[in-house]
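Below: the structure, in structure tokens.
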Amino acid sequence: MKVTVVGAGAVGASCAEYIAIKDFASEVVLLDIKEGYAEGKAMDLMQTASLNGFDTKITGSTSDYYKTANSDIAVITSGIPRKPGMTREELIGINAGIVKTVSKSLLEHSPNAILIVVSNPMDTMTYLVHKTTNLPKHKIIGMGGALDSARFKYRLAEAIGAPISDVDGMVIGGHSDKGMVPLISHAARNSVKVSEFLSNDRMQQVVEDTKVGGATLTKLLGTSAWYAPGAAVSGLVQSIACDQKKIFPCSTYLEGEYGLNNLCIGVPVVLGKNGIEKIVDIELSDAEKAKMKESAEGVSKTNGLLDL
Ligand SMILES: NC(=O)c1ccc[n+]([C@@H]2O[C@H](COP(=O)([O-])OP(=O)(O)OC[C@H]3O[C@@H](n4cnc5c(N)ncnc54)[C@H](O)[C@@H]3O)[C@@H](O)[C@H]2O)c1
Ligand SMILES: O=C(O)C[C@H](O)C(=O)O
């Protein structure tokens, strides 16, 4: 199993590290445009192999896509991150050009690869890949909901005073400060609805903290987060590589599902060896349906800024 990660920056390197530590891929290629940067990150990570006990071979490449040839899965993290005070949508100008070129180069050398899009604004970048490549839609996956759901679980556990492993929750919708839809109606502590443990006001606070999870970290760090994003990507990659068929909320092209059309947005999907093997239709409350519609309008508006 060969995995390429384009962009050896904060998220790309974190993602490569988690993939290696989980030790399911034979090879990870990191590629970046900065001269020597990916090679340096790869060498540094390889020097953790004996310490962390993995056999995955990590190599680096400066813009040489021949080294990525015949990848089974490719992750696109290349592009600029936001700074405090910015929205993800403001990154569209620079990142659209990068994502378009990178996806084309990847597919020239790995025509059978499954692509995972991470660069922001992620739902619009996923849509861009859908519109500008010939890849079937089940092979184009946007990562956002897996991360947002991890943040939702973190906030739920904090509010309830429960261990995170006891808490389950999912965030669908657009990966944006306003567009995320944390699914309160499905959130549970070991099968008991979270409403048994939290007041409406506390629940609303959890929802708001989840939605601005990325912005909160960006303010603290001066740039956006990387550990949880890298771990979230590695979970998607593992489910595909090992054909685990796990459910994650991912951005995917919708054709009528959830009443939505002609956009990529986060919905629950089954991830297996073919990429997105099924879009899972779950029951939403009326309030969640209305929020999903509003979120889709936001994503479509950003998509309208693309030069297609
Ligand atoms: N979808 C998500 O949940 C999520 C989470 C975190 C970050 N992100 C996004 O991921 C992107 C990367 O974030 P980061 O913190 O790793 O940034 P970073 O600046 O640390 O790394 C980005 C890397 O991309 C490289 N790059 C730029 N253009 C390239 C090109 N054409 N080809 C190859 N490499 C190129 C840069 O040299 C840099 O090393 C940002 O757009 C950020 O907003 C998304
Ligand atoms: O917040 C960001 O800009 C990066 C990423 O989308 C995140 O949620 O951490």
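Positions of Cβ are set from backbone N, Cα and C atoms, glycine also.
What TrEMBL records for the substrate site is Arg88, Asn120, Arg151, and among Arg82, Arg189 the residue it adds there is Arg82. Record note: TrEMBL gives Gly7, Ala8, Gly9, Ala10, Val11, Gly12, Asp32, Val118, Ser119, Asn120 as NAD(+)-binding, and the candidate from Asn52, Asn70, Asn95, Asn190 in that site is Asn95. Residue counts for the domain 'Lactate/malate dehydrogenase N-terminal' (1-142) under DSSP, helix first, then strand, then coil, are 67 helix, 28 strand, 47 coil.
Summed and averaged per residue, pLDDT over the domain 'Lactate/malate dehydrogenase C-terminal' (147-297) gives 98.
Note on Val11 (NAD(+) binding site): other Cβ atoms within 10 Å of its Cβ, all shown chains, come to 27. In this structure, of the recorded positions Arg82, Arg88, Arg151, His175, the smallest number of CB atoms within 10 A of the CB marks Arg82. Around Gly7 (NAD(+) binding site), taking its Cβ as the centre, 25 other Cβ atoms fall within 10 Å, counting all chains. Candidate binding-site residues: Val11, Asp32, Arg82, Arg88, Asn120, Arg151. Those with a Cβ under 6 Å from ligand 2, in sequence order, are Arg82, Arg88, Asn120.
According to DSSP, Arg151 (substrate binding site) sits within a helical segment.
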